[in-house]
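Q: Next up is a structure, given as structure tokens.
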Number of protein chains: 2
Amino acid sequence: MSLNATHDPGRRSWIDSANAPGCDYPIQNLPWGVFSDSDGTRRVGVAIGDLILDVTALEAAGIVEPAPGRRVFGEGFLNPFMALGPAVWSATRAALADLLDARTGDRALPLVAQKGATMHLPIFARSYTDFYASREHATNVGTMFRGADNALPPNWLHMPIGYNGRASTVVVSGTGIRRPLGQLKAADDPVPRLGPSQKLDFELELGAILGTGNAMGAPVTTVQAWEMIFGFVLLNDWSARDVQVWEYQPLGPFQSKAFGTTISPWVVTREALAPFVVAPPERALPLLPYLHETAPHNLDLALEIDLAPQGQGPTTIARTNARHLYYSAAQQIAHHAISGCAMETGDLIGSGTISGPTPDSRGALLELTWNGRDPVTVAGGTRSFLQDGDSVTLRGWCEGAYRLGFGPCEGTILPAPEAP
Amino acid sequence: MSLNATHDPGRRSWIDSANAPGCDYPIQNLPWGVFSDSDGTRRVGVAIGDLILDVTALEAAGIVEPAPGRRVFGEGFLNPFMALGPAVWSATRAALADLLDARTGDRALPLVAQKGATMHLPIFARSYTDFYASREHATNVGTMFRGADNALPPNWLHMPIGYNGRASTVVVSGTGIRRPLGQLKAADDPVPRLGPSQKLDFELELGAILGTGNAMGAPVTTVQAWEMIFGFVLLNDWSARDVQVWEYQPLGPFQSKAFGTTISPWVVTREALAPFVVAPPERALPLLPYLHETAPHNLDLALEIDLAPQGQGPTTIARTNARHLYYSAAQQIAHHAISGCAMETGDLIGSGTISGPTPDSRGALLELTWNGRDPVTVAGGTRSFLQDGDSVTLRGWCEGAYRLGFGPCEGTILPAPEAP
């Protein structure tokens, strides 16, 4: 995607908070979300400074009209708008930027304070797929689960490995996550028992949200795949490691990852991220042509993980960057569709845990503590895995001529339910 | 579920074809589907004899009214009706049976011929999960993929093993299935290549359709799980074995099963199947309490597989019965929700391939031909795996004081697309 006026670093908004240094939501960002204020109705908006521009109200007033003759912002999800495709996304983004521009702005726009708004899940998550695209993560987990000699599976350097996740439990930042029950069996236990997971973990990921899809039976190129992406969110793929290790052979993770997946509330558009695209890591082996990229699609996106025990302040326990991912979202989607699998509006594609090359850049407690052996220090104690009341917050931002912030992706662990 | 007047074997309809011996759709069946005729509008109906009773029209006329004050049959899917729950399903079934009963029937009902109608996907498949519940199938496949010593994974006798499938490619019987492209690598190939699958297979399964769900974080008992099931369909989980064997470690099947899943058009209700519930196979090991059943939930459902090469007649290549399944749908759903995973209206739960104890009762070519070693004989030749133009039809029925037929579940293989 070529740069245009919406990427102009000199552009300023008539909303002062959007021009403040370090603001996550300058006029160059304009991420999309779904919010409600006191009247409770879900509305679509874009973040600008410390405010939200109510796009549902703009459409009702005829100020923006992405689909002439019908409303696409009235359903409380971005899906109807996303289905209109990249040309409409881009034109609408340009129109909103013009409305907010210091030179051309209309100061009588429907704006609400972010502070008083409740954020909701921005999309109907049609399907959720989770990949495994960090070589460092795959190597670390493989070493722990299968030994150093079998760490990286033989297929890993040839294809983006992924699995279908559970869309029904994709929730927005701020939703409590109940500790899961599951079958637990230590290596020397004769039989499993049912109990609350004792190895509850997070996974730091980036989520790509598909705006458009492909027909069943019709694979796509990486170029087409990239154009299907509406935007990105931060994603926490909560994981129960003790459940996982007992259940995952031979058909993959199931209940160990089915109880909750948290995403950040603001969808940062692919178009906004265009200035922060960077080359991927060097290829260890040649890829098959359907995975070739004619332009890079990795993102230079700084990431960090905060952990706050109940009643304690947060400690940043890891810092990394999405640029480390071995496979881009475009490659993942091209692989996802190679069989003829239909991708659809609202599909959520998790990158897989993002781990960097250093021990403090790992994206899960499993790796940070090496399966509990080396606990991390947090306010008031240490953690091998998550305890009830722990709050985990993922943060992410691109920094260049300006800053593009992602909203925080937070979840707090609630106690396990009673067995049924 | 206790038996009631809708199960009365003496009951007859004023529609003669429903009373014919061997009819799949007597008044005791009343399976639900979505159809259109010449005007193209999708409508909800139930099959009766060789006709379809147009329930969308009945609702519009005020003759049935499952949700007073609003329409639930106007959206072209069963989901809004299914979401109303078991008491409404049962009352509506009883009302429809009364309308069709020889003693009380109204002969001025909106009926259309099945012959001239087009059947559509009856549900919006919210999510699709596929299990692996036949001990014989798991043992056969495990022997081929991992050797006889590791055939049945250590967890298999303790939990229903399953994985999340792809909902976007669930299609109705009669939809063509395009041969998938995928990464192929024989054991002695140095690197994989991209190509059309050379080991394309079917899997004979039963699909449970959830009418209602559970809240995230709230597991359910097997009794509750059974009550969440609206009905059952036949299901063909098309599989590319060569893609599968290269991709499935460590995160499970992905593109090898993402290109298509076919279901039969008529949803036979759980209530209609109540007289055909039978005990499961003997347990080899005790199950954890959350998987205990206070009543059996296996189904005595005869199944067969027909294969017809292009331009040739069908050959029945296997016969089996769903009663062989080691885990019931109720146990699968209770396990699916044990982590707090939310189940939802429209979820489709595949049983896993249904194989019986004898070589001619195996539910996939992989097993029937022992990975191609022993081809099966069909009209005009033999088959190790499927060829382009082959048509596979699954059939199923319960037989007792009357017969409950499932609609045929058919798919024909189309040639692979060009590489993207």
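Glycine residues also receive a Cβ, built from the backbone N, Cα and C atoms like all the rest.
As the structure is a computational prediction, the values presented were derived from the model and not from experiment.
As listed in TrEMBL for this protein:
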type	residues	note
DOMAIN	B:28-122	domain 'Fumarylacetoacetase N-terminal'
DOMAIN	B:128-412	domain 'Fumarylacetoacetase-like C-terminal'
BINDING	B:Tyr132, B:Arg146, B:Gln244, B:Tyr248, B:Thr353	substrate binding site
ACT_SITE	B:His137	active site, proton acceptor
BINDING	B:Asp237, B:Lys257, B:Thr261	Mg(2+) binding site
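Show me how these features fit into the shown structure, please.
A: Across the domain 'Fumarylacetoacetase N-terminal' (B:28-122), mean pLDDT in this model comes to 96.
Counting every protein chain shown, the number of other Cβ atoms lying within 10 Å of the Cβ of B:Tyr248 (substrate binding site) is 22. For the recorded site, B:Tyr248 (substrate binding site), the DSSP three-state label reads coil.
Cβ neighbour count for B:His137 (active site, proton acceptor) (all protein chains, 10 Å cutoff from its Cβ): 28.
Around the Cβ of B:Lys257 (Mg(2+) binding site), the same chain contributes B:Asp130, B:Gly165, B:Arg166, B:Asp237, B:Trp238, B:Ser239, B:Ala240, B:Gln244, each under 8 angstroms and 6 or more positions distant in sequence.
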Q: By the criterion CB under 8 A from chain A, which of the binding-site residues B:Tyr132, B:Asp237, B:Gln244, B:Tyr248, B:Thr261 would you report?
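A: Listed binding-site residues passing the 8 Å Cβ cut to A: B:Tyr132, B:Tyr248.
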Q: Could you name the residues, excluding B:Asp237, B:Lys257, B:Thr261, of the same chain that surround the Mg(2+) site, i.e. Cβ within 8 Å of the Cβ centre of those residues, in sequence order?
A: B:Tyr128, B:Asp130, B:Gly165, B:Arg166, B:Glu203, B:Leu235, B:Asn236, B:Trp238, B:Ser239, B:Ala258, B:Gly260, B:Gly350
Q: Under a three-state reading of DSSP, tell me whether B:Arg146 (substrate binding site) is helix, strand or coil.
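A: Assignment for B:Arg146 (substrate binding site) reads helix.
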Q: If I restrict to non-local contacts, at least six residues apart, and a C-beta distance under 8 angstroms, what lies near B:Thr353 (substrate binding site) in its own chain?
A: B:Tyr132, B:Ser134, B:His137, B:Val141, B:Glu203, B:Leu204, B:Glu205, B:Asp237, B:Gly363, B:Ala364, B:Glu367
Q: Determine, to the nearest whole angstrom, how far the Cα atom of B:Arg146 (substrate binding site) is from the Cα atom of B:Thr261 (Mg(2+) binding site).
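A: About 25 Å separate the Cα atoms of these two residues.
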Q: Looking at Cβ-Cβ distances, which residues of the chain lie under 8 angstroms from B:Thr261 (Mg(2+) binding site) while being 6 or more apart from it?
A: B:Tyr128, B:Gly165, B:Arg166, B:Thr169, B:Val170, B:Val171, B:Leu235, B:Asn236, B:Asp237, B:Trp238, B:Leu348, B:Gly350
Q: Could you break down the residues of the domain 'Fumarylacetoacetase N-terminal' (B:28-122) into DSSP helix, strand and coil, giving a count for each?
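A: In the domain 'Fumarylacetoacetase N-terminal' (B:28-122), the DSSP-based counts are 28 helix, 22 strand, 45 coil.
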